[in-house]
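Student: Before anything else, here's the structure in question.
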């Protein structure tokens with residue numbers, strides 16, 4: 001872009017044009033070290049040189065340096081010996097955070113490098129006689145420069161915008177007089193335009209940055225200058241040959257220009273350093289005024305020296321003022337920095353204190369809420385504790401009342417027991433020491449029976465064989481059972497009921513008469529090597545048990561029901577007389593229900609499975625005929641030697657089919673079939689499902705059983721006279737009936753002990769007196785079985801007789 005002025009420029013930092021002269025300004029651009037410059041700038045300069053230079057009195061080239069707001073950081077900045085800055089990739093540091101000396105040195109180096117931009121354009125102006133350099137400070141942001149110049153150019157200027165394909169021109173107003181004008185207003189117009197045009201660079205480059213002169217704080221001129229650091233553009237003025245007057249006028253205006261710029265556009269730089277960097281003859285002093293030397297005309301030597309002295313004095317004075325201002329600025333900056341630090345510190349302390357206060361308030365509020373919750377919980381806990389205390393006190397009172405009642409009940413029971421046991425002379429009261437001594441400290445070898453109630457020990461008390469039953473009194477039910485057994489047995493005296501000899505109530509011990517042959521169950525199932533009972537003994541046992549049950553059922557004032565009648569509770573003495581034992585579960589029936597009425601009662605069942613009355617098990621109602629069901633099962637077991645499970649339907653089917661003999665006990669070979677079948681029918685009637693279908697024990701069962709027993713006794717007496725032992729039952733050596741017959745090598749049977757003693761001394765037969773082939777003995781099982789059967793008959797026949 002090219003601007004041509006026709007008026008005097010009476011201000012600003014550029015050269016002053018004399019009256020009537022043409023002033024040509026060309027804006028150029030280019031890169032540092034570029035030998036050719038920008039293509040557009042070359043076209044503009046070439047066009048201006050070819051078209052305007054012959055007409056112009058002064059020719060100026062302007063280059064705008066970008067605003068320097070930051071410099072490279074020290075760790076990536078290397079200063080070469082050639083004083084060129086080499087910048088690598090990294091962070092940059094704002095100028096206000098760097099020392100002034102570093103900034104000034106960096107500015108000088110950058111300015112020196114930007115002078116190379118004019119080299120290619122100076123070559124194009126070789127034909128010019130003189131050039132003049134001075135510096136302008138411009139900003140390059142904003143609207144385009146050509147448009148701004150076209151918009152604001154006064155009528156006294158001609159503007160040429162040289163583009164690649166066209167030239168845009170704004171001509172002067174033809175009505176304006178081109179003659180030299182001496183009016184101050186007209187001269188100021190051209191000057192104001194160039195000043196505004198120069199200022200437009202500043203405005204367009206940084207429209208939002210404040211002017212350093214607008215700083216309101218003391219000492220902020222240096223900070224604003226550092227923040228908006230800029231350099232004046234290097235400009236070269238190519239002049240035509242001048243007259244002495246023009247040279248003089250130009251020289252005379254230098255102080256005036258210097259004075260104008262001193263108050264407004266002087267950048268905050270160290271001018272002494274700046275003079276050192278600009279050592280060329282044409283450089284302006286302090287980046288504002290340069291020496292003007294006319295190549296055609298030279299002023300007198302004395303006048304030139306005097307002006308130079310005046311300029312130097314003025315520069316010296318300005319330097320002193322600048323140094324003073326810089327010093328004051330530094331002090332103000334230090335004070336400002338200190339004040340800012342204090343403000344920051346106070347602000348930080350205030351913020352911290354505010355945070356602490358807020359935290360304390362929040363903590364206090366939280367603690368209050370927590371305290372309120374804790375208080376509420378505490379009051380709730382206190383109420384719960386008070387309620388628990390009240391409940392505990394009530395429970396404690398109720399417990400004391402219950403303990404008193406229990407103690408009263410215990411004392412009453414104890415009194416009853418003491419009266420019952422202490423005044424009853426029907427049995428003897430033993431001490432625990434006597435029982436322990438008799439049982440040898442309850443030795444396991446003395447145990448003859450064991451059940452759910454406890455253990456039975458064999459002992460001798462008062463030179464009488466006895467059986468001590470030790471009951472476990474670990475539950476109230478067992479204590480009640482023990483007391484009931486004592487109560488019942490102490491009132492009973494019957495030949496077919498076990499006799500109670502004495503008791504030790506404190507330790508739960510009962511002393512019974514001792515029955516040598518054990519229980520009926522051992523004979524039915526042949527346990528403990530018990531021999532099978534003959535049929536007539538079985539008939540008699542059934543009759544004796546019926547008599548004992550009839551005695552219990554007819555007791556006064558209330559009938560007694562055994563409730564646990566079974567073969568294990570029927571004991572046999574040495575003469576095979578049966579007695580009913582274990583009356584512990586016996587019950588005194590106060591309200592006997594009729595047999596033809598089914599009643600349901602809430603009672604605890606007692607007894608053994610398969611022997612419990614089905615109706616009693618179903619309804620809970622106990623009757624005397626409940627024992628009759630167990631009695632019928634015992635009859636069928638004595639006939640068949642089978643388990644009670646399913647025995648009733650099996651015998652019933654056998655009787656109906658006539659196959660009863662197949663179910664009878666095989667250990668007995670001489671069953672009377674007629675009497676046996678009649679006895680089986682009685683057992684089936686007693687084992688009916690309903691009580692109303694069972695016969696009466698005393699009026700219907702006992703008479704039939706008595707008749708059968710009498711028939712059996714008569715038959716046994718007839719057979720007893722013919723019971724003599726055969727001769728082969730006797731041992732040839734001992735002449736006695738043999739117990740363990742053994743066959744020797746001679747074919748004869750001997751008693752084992754006798755033949756072994758004979759063979760130790762002899763090797764011949766005791767009968768034939770001949771030598772024996774060997775000494776081996778063979779057991780004669782057939783003969784031993786026959787001998788045992790004969791002995792049993794003889795023994796039971798003697799019992800019957």
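For all residues, glycine too, the Cβ spot is worked out from N, Cα and C.
Per Swiss-Prot, the features are:
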ACT_SITE  564  active site, proton acceptor
BINDING   448, 449, 450, 451, 452, 453, 454, 455, 456, 469  ATP binding site
COILED    301-395  coiled coil
COMPBIAS  236-254  compositional bias 'Polar residues'
COMPBIAS  289-309  compositional bias 'Basic and acidic residues'
DOMAIN    724-797  domain 'U-box'
REGION    205-309  region 'Disordered'
Student: Could you tell me the mean pLDDT over the domain 'U-box' (724-797), as a whole number?
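Tutor: Reported value for the domain 'U-box' (724-797) is a mean pLDDT of 86.
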Student: For each of 450, 564, count the other CB atoms within 10 A of its CB; which of these recorded positions has the top count?
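Tutor: Of 450, 564, the one with the most crowded Cβ is 564.
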Student: Quick one: give me the count of other CB atoms within 10 A of the CB of residue 456 (ATP binding site).
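Tutor: Taking every protein chain into account, the count is 20.
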Student: Sorted by position, what residues of the same chain at least six away from residue 448 (ATP binding site) have a C-beta under 8 A from it?
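Tutor: Correct list: 456, 457, 458, 467, 518.
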Student: Determine, from DSSP, whether residue 564 (active site, proton acceptor) sits in helix, strand or coil.
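Tutor: For residue 564 (active site, proton acceptor) - judged by DSSP and reduced to three states - the answer is coil.
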Student: Sorry to bug you, but what's the C-alpha spacing from residue 564 (active site, proton acceptor) to residue 450 (ATP binding site), rounded to the closest Å?
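Tutor: If we compare the Cα positions of residue 450 (ATP binding site) and residue 564 (active site, proton acceptor), the gap is 16 Å.
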Student: Long-range neighbours only, meaning 6 or more apart in sequence with Cβ under 8 Å: which ones does residue 454 (ATP binding site) have?
Tutor: 469, 470, 471, 472, 508
Student: Tally of helix, strand and coil residues over the domain 'U-box' (724-797) according to DSSP?
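Tutor: So the domain 'U-box' (724-797) is made up of 30 helix, 12 strand, 32 coil.
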